Amino acid sequence: MDWMELLKAVILGMVEGLTEFAPVSSTGHMIIVDDLWLKSTEFLGKYAANTFKVVIQLGSILAAVVVFKDRFLELLGIRGRHPGGKPRLTLLHVIIGLLPAGVLGVLFEDYIDEHLFSTKTVLIGLVLGALLMIVADRFAKKAARAQTVDQITYKQAFLVGLVQCLSLWPGFSRSGSTIAGGVLVGMSHRAAADFTFIMAVPIMAGASGLSLLKNWQYVTVADIPFFIAGFLSAFVFALLAIRFFLHLINRIRLVPFAVYRIALAFIIYFLYF
């Protein structure tokens, strides 16, 4: 086993875990780490490399499941709802939020993969996503109607789902677009973040599962240690990142992440253009 290649797998998993759920664009970071430094997945071959990227994303998804496990058990009816008759987030809220991007993603998947995954489009997505986040913070309602995820209405869920369609453009960031959208339609930053992460699990798991089925046959036994290392690294760092982000979001809001995204866009611009 090549320990340097194993370290590359761990580093890529770390980058995926730290950035997948933060509103900073995991795609933008993977461009820098993968293309400019590691050339990380060359040792796996093209098709196994695609599978590796899916596997480390599954590590991030598992971290979100762990953080929100009680909520998912409740949504699926495995655990009973809290008494008191207060409004609660339902599975229907999640489905409504997923529909717009889910439908567009299925219809335009091939076009997006073939025409939108480039350094230039990611650069554009980083900047436009940052501007959306700045606008969201600027016009955020001081007294948000939905202070917690359980106070989100079906209308708000649908509107957030519409804004999530922007994340189909690489670099825009799923969490960045949906949290900004949630804030703009009257959610607190924490409520929007909770709803974003809960919605992300089924849509990411579905997309990753399909991709895994398409590419798994290209993986060899020798690749397995790298997949395990990347998966575990992504899981651990995503777990830390999600908990840290949720703890901070109501206090620091979105502008610091927007500034970071613009700085990242400048770095990519000067490195590539």
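Glycine too: its Cβ is placed from the backbone N, Cα and C atoms.
Since this is a predicted model, take the numbers as computed values, not measurements.
What Swiss-Prot says about this protein:
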TRANSMEM  48-68  transmembrane segment
TRANSMEM  89-109  transmembrane segment
TRANSMEM  116-136  transmembrane segment
TRANSMEM  152-172  transmembrane segment
TRANSMEM  193-213  transmembrane segment
TRANSMEM  222-242  transmembrane segment
TRANSMEM  252-272  transmembrane segment
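The stretch with the most CB contacts under 8 Å to the transmembrane segment (89-109), chosen from 48-68, 116-136, 152-172, 193-213, is 152-172.
The transmembrane segment (116-136) is not in contact with the transmembrane segment (193-213), judged by fewer than 3 CB-CB distances under 8 Å for residue pairs 6 or more apart in sequence. Among residues of the same chain six or more beyond the transmembrane segment (193-213), those with a C-beta under 8 A of the stretch's C-beta atoms are 21, 50-51, 54-55, 57-58, 60-61, 64-65, 67-68, 71-72, 75, 89, 93-94, 97-98, 101-102, 105, 148-149, 152, 157, 160-161, 164, 174-175, 178-179, 182, 187, 242, 245-246, 249.
If you look at the transmembrane segment (222-242), the same-chain residues 6 or more away from its ends with a CB under 8 A from one of its CBs are 1, 5-6, 9-14, 16-22, 44, 48, 51-52, 55-60, 62-64, 66-67, 197.
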